[in-house]
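Undergrad: Below are the features listed in TrEMBL for this protein:
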type	residues	note
TRANSMEM	A:6-26	transmembrane segment
TRANSMEM	A:33-55	transmembrane segment
TRANSMEM	A:61-80	transmembrane segment
TRANSMEM	A:87-109	transmembrane segment
TRANSMEM	A:142-160	transmembrane segment
TRANSMEM	A:191-210	transmembrane segment
TRANSMEM	A:266-286	transmembrane segment
Amino acid sequence: MFFGELLASSLRMAVPILLTALGAVFTERSGVVNIGLEGMMIVGSFWGALGAYYYGPYFGLLLAMAAGMFMALIHAINTVTFRVDQVVSGVAINILAYGSTRFLSLAIFNMATTSPHVSGLPKINIPVLSGIEFLKPLVTDVSPVIILALVLVPISSFVINRTVFGLRLRSVGENPLAADTLGINVFKMKYAGVLLSGILSGLSGAYLALEHTGMYVEGMTQGQGFIALAAMIFGNWEPKGVLWASLLFGFSEALSFRVVEGGVVPYQFVKMIPYVLTLLVLTGVVKKSTGPAASGVPYERGLK
Amino acid sequence: MNGRKILAIALVLVLMAAVLAGCSGNKGQQQQNQQGQQPSGEEKLKVGLVFDVGGRGDLSFNDSAYAGLERAAKDFADKIEVEYREPSAGGQDREQLLRLLAENGFDLIFGVGFLFTEHIQKVSQEFPDVKFALIDGAIDGLDENSNVACLLFKEHEGSFLVGAAAAMKSKTGKIGFVGGMKSPLIERFEVGYMAGAKYVNPNIEIYSDYIGTTGDAFKDPVKGKELALNQFKKGADVVYHASGASGVGVIEAAAAEKKFAIGVDSDQSLSATEEQRPYILTSMLKRVDVAVYETIKSMVEGNFKGGYKVFGLAEDGVGYAENDYNKELIADIKPKLEEIKEKIIKGEIKVPVDKTEYNEFLKSNFK
């Protein structure tokens with residue numbers, strides 16, 4: 001029972017990181033670094049709550065994805081069309097997200113830092129499996145978004161590795177000049193990669209607000225957009241690797257919740273578990289990770 | 001090409017400027033008194049208040065301060081005028097806002113939250129004729145004649161009561177506590193709660209967790225929920241939180257598990273949803289509004305005193321919440337709670353404020 005609970009908790013903590021990290025894979029594979037994922041999660045959490053408050057959870061999720069996509073569009077215009085430094089634009093996105101949500105929260109809810117309570121999607125009990133005692137915590141009262149996130153892993157993997165779109169996306173991230181000479185629209189592919197990351201980050205933010213907490217709270221993303229970037233590197237820019245990396249982050253968080261008792265281990269050490277575990281795995285287990293060759297470099301026609 | 005680059009940079013700058021204007025711009029809403037516009041011969045007292053980060057609408061701390069200000073503005077409409085300011089998102093302009101109010105001839109200025117401690121200490125020395133009130137923070141070396149009053153609360157006394165309530169309502173003999181930022185202030189809530197629970201049931205088992213070690217721990221409902229869920233799964237059936245906005249997650253967890261949560265600072269039954277209300281046993285009230293109101297009142301009556309003012313059970317500064325939603329729920333334990341309350345006020349129960357005192361409390365009460 002304890003182990004089942006631990007896994008269920010890990011999964012709940014892993015899903016926001018997983019969704020955002022999948023987005024990060026798409027944008028980086030197209031050669032655009034996106035530091036603004038955190039900001040896109042923030043707008044996702046706010047607009048998700050806003051949409052759900054007025055028109056229900058489905059609308060909330062859609063609105064969150066649209067809001068994330070809008071922020072990603074700004075990032076794409078900045079970095080792809082105008083070739084602004086990608087890190088600078090990403091930082092600007094984060095500030096814009098923070099300021100705009102607070103401003104709108106005050107204007108719409110008349111509260112600076114929280115929304116009213118909202119309800120999420122109906123929870124799912126997976127039949128058959130919920131009969132097994134060991135798995136019970138994992139398969140009862142599951143948020144549909146968790147299942148969606150897990151399903152998105154093989155789908156993303158397939159899209160990136162086995163479709164024409166994926167091949168073009170990767171080629172643009174590795175060598176845009178070569179891709180361009182072969183007739184691939186580099187700019188379009190980069191836009192697609194960035195927008196996909198915005199949609200997924202928005203969904204991830206909405207998961208936090210709607211599915212997990214039932215309320216938008218300013219700063220509830222707690223830097224998970226940046227952890228997602230780490231998970232992406234950790235997962236070697238591959239959706240399947242990202243899944244394991246996110247689960248590891250989620251697991252270590254969930255574990256740290258459970259070691260507090262007794263007072264044998266000093267409190268600060270318990271809070272270090274996720275980071276220590278990450279370091280250990282990074283240094284010991286992961287083999288060399290290499291990103292797309294042209295990631296972070298703005299592409300300009302006619303320049304070598 | 002260079003032109004486009006400049007255009008792009010300009011675009012980013014404009015966006016950022018818009019954001020900054022949005023968050024720190026003209027937040028200094030004014031609230032002048034409409035009633036009693038005729039000056040009654042003498043000049044009105046000017047009362048200013050600067051909120052902490054989070055500002056009005058946080059459903060707990062700041063809102064409570066605002067309620068006190070509003071009540072005073074109504075009750076003393078012909079004697080005072082009030083105004084409030086909200087600092088920027090990061091709170092960097094706290095000190096400037098205090099100074100601004102002082103320069104504009106305000107007579108009494110509130111700083112809401114312990115983060116103002118340093119700033120009030122500084123500004124109060126620059127403006128010896130202006131009175132300042134600091135909520136939740138203590139400045140050393142004040143006396144009656146100082147121009148600063150520190151308004152402090154005995155959170156441990158209120159927590160003792162809700163701890164007793166939790167222990168009496170628990171069927172499993174296990175209860176929980178979720179704190180926000182690990183700090184002496186929040187530990188006061190924790191030990192008060194534990195002592196109260198042990199007082200009514202020496203055998204009770206108490207799980208205690210903190211969300212983090214920084215201020216961010218007060219706005220992390222995701223972790224708040226996970227910690228509470230973990231305590232519920234281990235068998236706790238009442239969980240008390242002292243974690244600001246993170247407590248939203250604790251209440252959500254209680255509703256999901258159909259167990260009890262105890263709110264903090266303000267009466268959280270009132271701000272919860274219809275589905276959550278049956279699962280909020282009560283809330284530990286911290287009457288910041290009372291502190292603000294009483295301070296303004298003393299100013300109006302001309303007997304403002306500097307130094308330290310502590311609001312405990314005796315002053316109605318802390319307590320437990322009773323409302324339409326939990327009335328029946330706590331009806332059976334209310335007499336006992338009132339009895340404990342009396343004992344604390346009379347000094348028959350000495351509520352511990354830290355871990356050392358807590359251990360002594362256990363030793364002296366149960367041999």
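FYI, residue positions are counted from 1 along the chain as it appears here.
Quick reminder: no glycine exception, Cβ is built from N, Cα and C everywhere.
Automated prediction, rather than curation, is the source of TrEMBL annotations.
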Undergrad: Would the transmembrane segment (A:191-210) and the transmembrane segment (A:87-109) count as touching if the test is at least 3 Cβ pairs under 8 Å, pairs 6 or more apart?
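TA: By the criterion, they do not touch.
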Undergrad: Pairs 6 or more apart in sequence, C-beta under 8 angstroms, 3 or more of them: is that satisfied by the transmembrane segment (A:142-160) and the transmembrane segment (A:6-26)?
TA: yes
Undergrad: Which residues of the chain, 6 or more past the ends of the transmembrane segment (A:33-55), have a CB below 8 A from one of its CBs?
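TA: Apart from its flanks, the transmembrane segment (A:33-55) reaches 16, 20, 23-24, 27, 61-68, 70-72, 75, 86-87, 89-98, 100-101, 104-105, 108, 115-116, 118-120, 194, 197-198, 201-206, 208-210, 215-216, 220-221, 223-226, 228-229, 295-296.
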Undergrad: Do any residues of this chain, six or more beyond the ends of the transmembrane segment (A:87-109), have a C-beta under 8 angstroms from a C-beta of it, and if so which?
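TA: Distant contacts of the transmembrane segment (A:87-109): 33-40, 42-43, 46, 50, 71, 74-75, 78-79, 115-116, 216, 218, 296.
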